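Undergrad: Not my notes, these are from TrEMBL:
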ACT_SITE  A:Asp256  active site, proton donor
BINDING   A:Gly168, A:Ser194, A:Arg195, A:Ala196, A:Ile197, A:Thr198, A:Gly199, A:Thr203, A:Ser264, A:Lys288  AMP binding site
DOMAIN    A:424-491  domain 'Pyrimidine nucleoside phosphorylase C-terminal'
Protein chains: 2
Amino acid sequence: MQLKVQPIDIKVGKFKVVLNNLDAKELGVNPGDRVRIKNHTTVTAIVDFTEDMISPGMIGLYHEVQEQLHREWTETVEVEPAEKPKSARIIRKVMDQQKLTKEEIYELVKDITEENLTDIEVSAFLTASYINDMTEEETEWLTRAMVDSGEKIEFDMHPIVDKHSIGGVPGNKITLLIVPIVAANGLLIPKTSSRAITGAGGTADLMEVLAPVEFTASQIKEMTQKVGGVIVWGGATNIAPADDKLIKVEYPLSIDPHCQLLASIMAKKSAVGADKVVIDLPMGSGTKIPDMATGRKLARDLMSLGERLGMEVDCALTYGSSPVGRTIGPALEVREALKVLESMEGPNSFIEKSVGLAGMLLEMGGAAARGQGHDLALETLQNGKALAKFKEIIAIQGGDPNVTSNDIQIGEFSAEVKAPSNGYIIEFRNKRIVQIARLAGAPNDKGAGVYIHRKLGESVKQGEPVITIYAEKEAKLQAALKSARQDPPLIVEGMLIERLTDIREV
Amino acid sequence: MQLKVQPIDIKVGKFKVVLNNLDAKELGVNPGDRVRIKNHTTVTAIVDFTEDMISPGMIGLYHEVQEQLHREWTETVEVEPAEKPKSARIIRKVMDQQKLTKEEIYELVKDITEENLTDIEVSAFLTASYINDMTEEETEWLTRAMVDSGEKIEFDMHPIVDKHSIGGVPGNKITLLIVPIVAANGLLIPKTSSRAITGAGGTADLMEVLAPVEFTASQIKEMTQKVGGVIVWGGATNIAPADDKLIKVEYPLSIDPHCQLLASIMAKKSAVGADKVVIDLPMGSGTKIPDMATGRKLARDLMSLGERLGMEVDCALTYGSSPVGRTIGPALEVREALKVLESMEGPNSFIEKSVGLAGMLLEMGGAAARGQGHDLALETLQNGKALAKFKEIIAIQGGDPNVTSNDIQIGEFSAEVKAPSNGYIIEFRNKRIVQIARLAGAPNDKGAGVYIHRKLGESVKQGEPVITIYAEKEAKLQAALKSARQDPPLIVEGMLIERLTDIREV
């Protein structure tokens, strides 16, 4: 069918066109079907319908289709029905819990990467793989297909080490210590990180306080070879792009299918050429790992997938019921990390976790003997080598290497939330703390966040601050404060056991 | 946040807005999140992002949101993040195979009806209910919620009878006989039908050859009370609208979750006030029922759901491996049906199936004694009462009651596909026949379709026609013919058993 082009200057992220109902009927296509649009080049696009926005005889081309056809533009195009992509049948197999072949998984990942699937189809795939999961073999293929969906970094030198945290615990700024510790000991660590989606600050948001974080794969390779490590935003690269597309659909569903979680982590590590990887699995209420059994299974699966991919993977189940350190929000967290690097001044929970994981990497990478990693990591912090290396990393990414913890700008508006009575912190809700930090402006306002004066189990006196909220804008401070008052992130109570003792004494 | 309105004159079928990345970050929302837009009225809308289509400080409002805010229009609106609808959590429960409460199912169906959910969310719900199914109790609530999602018809007189076919067999034009037979015997049958989505002609497409089919619920009631029955398009009514919204997402996924299938059928029957329902379950290759066990289970589930809803349901497992009658496509099927009504001239498969199902309804509705339904139905056909009633139905729907089978216009372009050798039809592929009819223009071109000269098991001589393809446009005839030649819908072979006999005689 010949149709006259009507450009629609809207980007929809996919190849999409709009047909009038009458033409669609004539073509025999339904909404969500595909058509082939032939000009000098051919584009397959997803069809939407309209009764009145597009007249009969016309075809509305969204931005992406226009761009694809652009080079040899004509006023009319030939439109014909196109079959569904093979991936539609492949997704149906996942729903029916039939095992996919390697070729099918590659086809599916290709279509996901190239935006050939509708949201409906990608959502069905993720929902089905959340419910039915995949076999180890399928998960390996999925990971390899994700790696092959984008750019890869290959280093001449080995080993390449890397770390990943599966998230779920607020204030997890350990990468800011681990990368310099590891790189200071001669290992290469090309660390790509994420920005916060639902959190108050991803590692990329934190690092951005100190230096630019958006680089290409080849820049990452070059910088890593020069100074030993980088801390950059993975989203700016074309590394495992299929994964980013899937995350966009997982987010609104609030799911993280097991096989996708595995493939997502390992594809990103494999694509940067990592040989030795440590994975931080925060465990506890509010994290992705409610109990030890779940954590052990995930660790086993990650290690087994690593083996299939030729990577040595070690996992650490870490304490995740409380934030790491005492700060949440980009600038506050960076200041806390810099203080530790400058003077070892800072919370034990933060230092110990960082040193522990860095030590594992030092041992795996051969920079420390078995059992000596922790001590070497601690020493690297104490003797200032980690700080020196961190300055090199900041410099190579284009930041100011002379920055100190005192230079970090924290939001100028602040308010304390005080203890209503003497007692102990008997409940500390990570998710609420994150919500309050986000209401205060984090991660977009780098200076916004929360300082935690008292953590779970600590004692506090009436009127003492339990948290301080920081913001760059007064209205956001007020919104965060209001929320903290309406639904407090922590609960202070007298020690009930002592009271019971009192009763017995009567 | 105050944002300036930029109208986007595109209908997207949902409340949707577009924000610049920078403002979205400032608000702390991600793509797929919701915002509340406050003007004099308040609308909650789904957020899309853009880097460059909408400038910072602006908000793009798609048509539906504009319309909702229209009455009291201002240049700027107040925008704030909104929480996800409760239904998002409810869908997650379906994924985790947790039982839903009645309130949750009503909430979900309300959000589906009101287009408050994204395609991603509805797809996840359908995929999860396809994999995990629902309990009988949940399915009952789902059905009731669908009924309550739209208009209902209540008749003063009872019983109200109705029929439904779950589809999958081409040429299933039996409603054109059943409704007049039943209505001619004094029972009320307010039959709502569908148009073809993937088929070559739904009952509504067929009836439209004879009369208009788009009516409101109250018109359906009034016409049914006057002449005993109607055959109209359900999609033009506001009866069980939630079901139509779900079908739009089921179609691209090619799934029909068991619980949705049950709820979809029964909600539509319940909403028109039916007390006694016969359901036609075509069984055989290419249908939704591959074997007897599946058919019996579906029948039991339908009858049990009917009982919960206070309806008497009977099911007929019917032969579905071959088309019903010899015609496929609106005008051809109508002509075949009219010929039977006029003179009992027509294929046995069509007459027997119609009379059988009509007989069941006559018995259930009390118009025939147990065991007498079939004979009464046949008699009603033979004595012309069914034809007379059909003319009344055509007339009340606004068609010409004097129409005869000879008046029906068939496509002027036609071509025969001939047998390549003497033999028997050893394979007959329903889906291919439907594809060919669709390529020829059905159901949109009413005169397009296929006439079947030889069905499964029948003998044919070399050069005799096996099918004739009809089309209104020559290009479509050629496309259908080409497809039929490339991938024939039926296979003619010599009778192998006879040949073996021959060999033995040697």
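Quick reminder: no glycine exception, Cβ is built from N, Cα and C everywhere.
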Undergrad: Of these recorded positions, A:Gly168, A:Arg195, A:Gly199, A:Asp256, A:Ser264, which are close to chain B by the rule of a Cβ under 8 Å away?
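TA: Near chain B, no listed recorded positions qualify.
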Undergrad: Across the listed AMP-binding residues, A:Gly168, A:Ser194, A:Arg195, A:Ala196, A:Ile197, A:Thr198, A:Gly199, A:Thr203, A:Ser264, A:Lys288, what is the farthest Cα to Cα distance, given in whole Å?
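TA: So the maximum pairwise Cα distance among the AMP binders is 18 Å.
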Undergrad: In Å, rounded, how far does the Cα of A:Gly199 (AMP binding site) sit from the Cα of A:Asp256 (active site, proton donor)?
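TA: A Cα-Cα distance of 15 Å.
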Undergrad: Distance check, please: Cα of A:Ser264 (AMP binding site) against Cα of the residue listed as 'active site, proton donor', rounded to an integer number of angstrom.
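TA: So the Cα of the residue listed as 'active site, proton donor' lies 10 Å away from that of A:Ser264 (AMP binding site).
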Undergrad: Do you know the mean pLDDT across the domain 'Pyrimidine nucleoside phosphorylase C-terminal' (A:424-491)?
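TA: Mean pLDDT, the domain 'Pyrimidine nucleoside phosphorylase C-terminal' (A:424-491): 93.
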Undergrad: Compile a sequence-ordered list of residues in the same chain as A:Asp256 (active site, proton donor), six or more apart from it, whose Cβ lies below 8 A from its Cβ; state 'none' when nothing qualifies.
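TA: The list for A:Asp256 (active site, proton donor) reads A:Glu250, A:Lys288, given in order along the sequence.
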Undergrad: Go ahead and report the DSSP secondary structure tallies for the domain 'Pyrimidine nucleoside phosphorylase C-terminal' (A:424-491): helix first, then strand, then coil.
TA: 23 helix, 20 strand, 25 coil
Undergrad: Please classify the secondary structure at A:Ser264 (AMP binding site) using three-state DSSP.
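TA: DSSP call for A:Ser264 (AMP binding site): helix.
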Undergrad: When you measure from the Cβ of A:Arg195 (AMP binding site), which residues in the chain that are at least 6 apart have a Cβ under 8 Å away?
TA: A:Gly202, A:Ala204, A:Asp205, A:Trp233, A:Gly235, A:Pro443
Undergrad: Could you list the residues of the same chain, at least six apart in sequence, whose Cβ is under 8 A from the Cβ of A:Ile197 (AMP binding site)?
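TA: Those within reach of A:Ile197 (AMP binding site), by Cβ under 8 Å and sequence separation of 6 or more, are A:Ile247, A:Tyr251.
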Undergrad: By a simple count, how many Cβ atoms lie within 10 Å of the Cβ of A:Ser264 (AMP binding site), its own Cβ left out?
TA: 24
Undergrad: Name, in the order they occur in the sequence, the residues of the same chain whose CB lies under 8 A from the CB of A:Gly168 (AMP binding site) and which sit 6 or more residues away.
TA: A:Pro282, A:Gly286, A:Thr287, A:Lys288, A:Ile289, A:Gly320
